[in-house]
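Peer 1: In case it's useful when we look at the structure, here is the feature table from Swiss-Prot:
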BINDING   T28, G29, S30, T31, D85, G86, A87, D88, K98, G99, R100, G101, K125  substrate binding site
ACT_SITE  E107  active site, proton acceptor
Amino acid sequence: MNVEEMKKAVARAALEFIEDDMVVGLGTGSTTAYFIRYLGEMIEKGKVEDIYGVPPPIKQKFLRMESGVPVLSLDQVDAIDIAVDGADEVDPNLNLIKGRGAALTMEKIIEYRAGTFIVLVDESKLVDYLCQKMPVPIEVIPAAWKAILEELSIFNAKAELRMGVKKDGPVVTENGNFIIDAKFPRIDDPLDMEIELNTIPGVVENGIFADIADIVLVGTKEGVKRLER
């Protein structure tokens with residue numbers, strides 16, 4: 001299987017966890033997009049009933065228009081049964097780096113509230129330790145971004161403000177904030193680093209998702225591999 005086939009395979013495998021009367025948290029990214037498409041097809045064919053998706057606000061309108069998945073906002077639900085999302089890195093203890101799509105704050109809120117959090121990745125996202133390949137996205141208040149860059153130097157991080165593609169200026173999140181991408185030498189204690197980064201004044205949230213994933217479905221050339229905490 002090539003990478004796209006791996007993504008499709010894990011997206012289909014995640015459908016096995018869907019049952020009637022579920023509220024499903026939905027993230028962003030290309031692999032999650034396949035899952036959302038397949039979930040919409042299941043609903044359309046009547047294979048499951050009374051399914052509602054809860055995506056980050058920036059995705060709500062697009063989901064209603066494109067997928068056929070009924071959508072609710074986070075404040076309209078009392079609980080989320082399952083959340084399904086991708087990741088940029090997954091370490092051996094199922095800690096994650098997420099946030100290349102700049103929706104990390106709302107994704108973390110949704111996934112923290114979920115009864116079960118299922119992560120969909122291809123095998124290239126598996127790493128020996130976090131920050132092996134990808135930086136940690138950090139959502140920051142715009143007025144504080146320069147001060148936070150200086151603060152991150154204490155951690156020996158190579159950090160930079162994420163700039164927009166096909167637009168002038170920095171990337172702006174759905175919350176009106178900026179994103180700093182911080183590449184640390186390595187992260188040996190993800191939970192401690194996640195907490196410590198969030199204590200920096202001006203940081204809204206960061207892309208370390210420690211001790212939150214329950215199941216990781218990994219697309220490999222041989223098929224889908226299931227990892228559990």
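The backbone N, Cα and C atoms fix where each Cβ goes, and this holds for glycine too.
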Peer 1: T28, S30: which of these binding-site residues has the sparsest Cβ neighbourhood within 10 Å?
Peer 2: S30
Peer 1: What binding-site residues in the list T28, D85, A87, K98, K125 lie within 10 angstroms of the residue listed as 'active site, proton acceptor', counting C-alpha atoms?
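Peer 2: So the list is T28, D85, K98.
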Peer 1: Which whole number of Å gives the largest C-alpha distance between any two of T28, G29, S30, T31, D85, G86, A87, D88, K98, G99, R100, G101, K125, the residues noted as binding substrate?
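Peer 2: That value is 16 Å for the farthest Cα pair.
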Peer 1: Should S30 (substrate binding site) be counted as helix, strand, or coil on the basis of DSSP?
Peer 2: helix
Peer 1: CB neighbours of E107 (active site, proton acceptor) within 10 A?
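Peer 2: E107 (active site, proton acceptor): 27 neighbouring Cβ atoms within 10 Å.
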Peer 1: Non-local Cβ contacts of R100 (substrate binding site) (under 8 Å, 6 or more apart, same chain)?
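Peer 2: For R100 (substrate binding site), the qualifying residues are G29, D88, M134, P137.
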